[in-house]
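Here's what Swiss-Prot has on this protein:
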type	residues	note
SIGNAL	1-28	signal peptide
TOPO_DOM	29-888	topological domain 'Extracellular'
CARBOHYD	Asn80	N-linked glycosylation site
CARBOHYD	Asn90	N-linked glycosylation site
REPEAT	126-152	repeat 'LRR 2'
REPEAT	202-222	repeat 'LRR 5'
REPEAT	223-246	repeat 'LRR 6'
CARBOHYD	Asn261	N-linked glycosylation site
CARBOHYD	Asn295	N-linked glycosylation site
REPEAT	322-345	repeat 'LRR 10'
REPEAT	418-441	repeat 'LRR 14'
CARBOHYD	Asn425	N-linked glycosylation site
REPEAT	443-466	repeat 'LRR 15'
CARBOHYD	Asn454	N-linked glycosylation site
CARBOHYD	Asn524	N-linked glycosylation site
REPEAT	536-560	repeat 'LRR 19'
CARBOHYD	Asn551	N-linked glycosylation site
REPEAT	561-583	repeat 'LRR 20'
REPEAT	653-676	repeat 'LRR 24'
CARBOHYD	Asn666	N-linked glycosylation site
CARBOHYD	Asn675	N-linked glycosylation site
REPEAT	770-792	repeat 'LRR 26'
CARBOHYD	Asn792	N-linked glycosylation site
REPEAT	794-817	repeat 'LRR 27'
REPEAT	819-842	repeat 'LRR 28'
CARBOHYD	Asn866	N-linked glycosylation site
TRANSMEM	889-909	transmembrane segment
TOPO_DOM	910-932	topological domain 'Cytoplasmic'
Amino acid sequence: MLIFTIPQFFFAAWVMVVSLQMQGYISCIEKERKGLLELKAYVNKEYSYDWSNDTKSDCCRWERVECDRTSGRVIGLFLNQTFSDPILINLSLFHPFEELRTLNLYDFGCTGWFDDIHGYKSLGKLKKLEILDMGNNEVNNSVLPFLNAASSLRTLILHGNNMEGTFPMKELKDLSNLELLDLSGNLLNGPVPGLAVLHKLHALDLSDNTFSGSLGREGLCQLKNLQELDLSQNEFTGPFPQCFSSLTQLQVLDMSSNQFNGTLPSVISNLDSLEYLSLSDNKFEGFFSFDLIANLSKLKVFKLSSKSSLLHIESEISLQLKFRLSVIDLKYCNLEAVPSFLQQQKDLRLINLSNNKLTGISPSWFLENYPKLRVLLLWNNSFTIFHLPRLLVHSLHVLDLSVNKFDEWLPNNIGHVLPNISHLNLSNNGFQGNLPSSFSEMKKIFFLDLSHNNLSGSLPKKFCIGCSSLSILKLSYNRFSGKIFPQPMKLESLRVLIADNNQFTEITDVLIHSKGLVFLELSNNSLQGVIPSWFGGFYFLYLSVSDNLLNGTIPSTLFNVSFQLLDLSRNKFSGNLPSHFSFRHMGLLYLHDNEFSGPVPSTLLENVMLLDLRNNKLSGTIPRFVSNRYFLYLLLRGNALTGHIPTSLCELKSIRVLDLANNRLNGSIPPCLNNVSFGRSLDYEIDPDFGSSYGMVRADQELEESYSRSLVLPLEFELDYSGYLDFTVEFASKRRYDSYMGESFKFMFGLDFSSNELIGEIPRELGDFQRIRALNLSHNSLSGLVPESFSNLTDIESIDLSFNVLHGPIPHDLTKLDYIVVFNVSYNNLSGLIPSQGKFLSLDVTNYIGNPFLCGTTINKSCDDNTSGFKEIDSHSGDDETAIDMETFYWSLFATYGITWMAFIVFLCFDSPWRQAWFRLVNVFVSFLKCV
């Protein structure tokens, strides 16, 4: 047995402490290790793979866990972006961590909190919790009552959730230690209340909500310690708050994208700690002089614009400016000249003077005056001369001169002057001539947009070799010709190529080297030959070669490419359709206006949202398609399809547009079509911005220092390169053929069975399509009555029943249709009075021609009460008194003609004076003809 003296004991203890410190920290306690293992069930295994059940495993060394180095207690849990499925969190799971200071559940998939034992007091068990990040989850107001118990909180982040209603002051009143509060990106509304109890707040972010009203003394102005305030993207109104003059510690103020109005007051000059001031996208008016902010010596970022077009910025100033700006943003300010004071702002790194009335020469003046400039945005002005300094080599990264009035050749030295450019947008101008070969010196260029100009010729070989970092290239709407890329080509980083509406004739195989290509748009060129088989080597999301001269069959290599959109329309492709394509979820397949033949494969609808096979040479019957609840658009018009309309179409319940026109379909219309939605029940709602095909956001790291080190604002200048599929549906409605895209297709629901061989009555069940906007059953052999149930088509705009054999009256209740523009029943056998109320007043006579028994003021034909054929029938009567029995009519007509001819023949068979007289008459007539 060892016996230690007191000095020896303290020495041993000291050695133990030192050894532990040398190890970094002691092991975590067992209670917390078990607590972490309970949490593991809610964390994606990918992020908790080292959370081991082994009792020898030190949880302080586990990923996403932070422990105190001295006590070994867990003080930080960083579970952000680790969820597997949306969950309701039991807060008692965190109770073992009594020393917890930071709990990061950002993007954790949390839908709410609960604690069956401690209830709303649950967070009070975490007495040292200082930072709680619940950003970008799915929680609503149900979590708010839990917050008052967390009185130790200094940072509370709730942005990007589903909070709604007014500012939750009641639930936050006990959080008197809060220094940062982020409620951005929710659904909060109403005025901002008094916040005196949150007097320690340094940073407050209320952006991207719908807060409204004016800002008075009882609200934000009580927060004297406030350093950062973000009110952007709300609905605040009224003038700039005078009481903001008391917020003397304010360093960041963002009031952009609201409805603030009036003139900008002098109190802004009192905010002498400001580094970042954004007043853009409001309704300020009057004259603004930079003298107003001349004394803000710390100001680095200034942004101002107005929605009202009544804001005018004075170009000249009288005071000496004390600030040295890094960022100036004056878009939408009605500027006719560059403000003179900018010449002294040599530290500028970002200039945005877009959407003004600037003219003259650009961008040489800016490049010569601002050696530190990294971003120059001058889009939508009236510059006419594109000039660059001859000997200067500039470090500019971003240049946007789109939508101006340049109409000359691009400078030959553009690549020499701008070798560091990464983003260049010269679109929507009138640039002419060939592409300068000096583009090849832009080794860092990532994005190049030359679309909508008059550029011509072929792409230079040096360009295709030198721009090795190019990822997005837009050449559409020019006059480029020849091969798309000459050999050799080293655009290995190319992901997006948009070159539609040019005169290219050939796709060369050098494109094989661009392995990351996901978006290829080559429509409306003069491409010839077949689709290259090596297209199958790409991981395509978007491929469009429509409106070219391509022919042959679809190469089998394309069948397994993961498309989101494939458009081969308006070419000369032939052969049978493949049995399937490997579409991602909700793909778009356009094969219309080709020469495809054979049957329609039943498997084509797998993972497809739209199938367009219009105007081919397809034959056979419509197959029983594989069921697909996401399938919305089926377009088979203009083929040679035969047989009945299959009842299996009724299983495609989400259909919005069904076009089977101009085929040879026969039989009757299936009544079960009322199972199809046509917008009646939108169980599945499509986003009009569906299908982001390529999405990239790039930040310019060198601009980071241009923004204040803000807790609530982005630190970088970012460019969003998201691209969207042009989702288009062509459909005949209101006597014309229209293309629906963007927001418009969201409201298009239609059915077209016209120009077939359909018979039988129109099913009354078609009246269940309450949201349908266009219904065309014309040019068939449909019989019976116009269904009275059509009065239930409350959103209908166009009904075409022309060229059928319908009879009976036009139901009077159709006058209830408030949006009807076309009601064409011409060339039928309808009878009775034409309705003349509501929208029917504006319908002209062409809608009714070919119906001899119709009458009314619309066709200027009176109705005779004594003629049963002209009587208006009670739409609710079961007896059709005016209806003509067409079968009896045709049999009577046939019998009359038959009996007449038989009598005439019998008459000629008997010898009589009448017979002799008849033959003499015939002889006289023949002699007369000979004389003539």
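The backbone N, Cα and C atoms fix where each Cβ goes, glycine too.
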Using DSSP three-state counts, the residues of the repeat 'LRR 14' (418-441) come to 5 helix, 5 strand, 14 coil
Tertiary contacts of the repeat 'LRR 24' (653-676), defined by C-beta under 8 angstroms and 6+ residue spacing from its ends, are 614, 622, 629-647, 683-684, 729, 731-732, 748-766, 768-769, 776-777, 782
Taking only the CA atoms, the spacing between Asn792 (N-linked glycosylation site) and Asn675 (N-linked glycosylation site), expressed in whole angstrom, is 16
Filtered by Cβ under 8 Å and at least 6 apart in sequence, the residues in the chain of Asn80 (N-linked glycosylation site) near it are Asn104, Leu105, Tyr106, Asp107, Phe108, Asp133
Averaged over the repeat 'LRR 24' (653-676), the pLDDT of the predicted model comes to 91
Ranked by how many other Cβ atoms lie within 10 Å of their Cβ, the glycosylation sites Asn261, Asn524, Asn551 are led by Asn524
Check: min Cα-Cα distance from Asn675 (N-linked glycosylation site) over glycosylation sites Asn90, Asn261, Asn425, Asn454 goes to Asn90
Other same-chain positions with a Cβ less than 8 Å from the repeat 'LRR 2' (126-152) and lying at least 6 residues past its termini are 75, 80, 86, 91, 94-95, 97-113, 115, 120, 158-165, 168, 171-177, 182, 185
For the glycosylation sites Asn90, Asn425, Asn666, the largest set of other C-beta atoms within 10 Å encircles the C-beta of Asn425
Comparing local Cβ density (other Cβ atoms within 10 Å) for the glycosylation sites Asn454, Asn792 points to Asn792
Nearest to Asn425 (N-linked glycosylation site) by C-alpha distance, among the glycosylation sites Asn90, Asn261, Asn454, Asn551, Asn666, is Asn454
Here the Cα-Cα span from Asn666 (N-linked glycosylation site) to Asn524 (N-linked glycosylation site), rounded to a whole number of angstrom, reaches 37
Cβ neighbour count (10 Å, all chains) around Asn675 (N-linked glycosylation site) is 17
Within the same chain, the residues at least 6 apart in sequence whose Cβ is under 8 angstroms from that of Asn295 (N-linked glycosylation site) are Ser269, Asp272, Lys322
Cα-Cα, Asn90 (N-linked glycosylation site) versus Asn524 (N-linked glycosylation site), nearest Å, comes out at 58
The correct three-state DSSP answer for Asn792 (N-linked glycosylation site) is helix
Per DSSP (helix/strand/coil reduction), Asn675 (N-linked glycosylation site) sits in helix
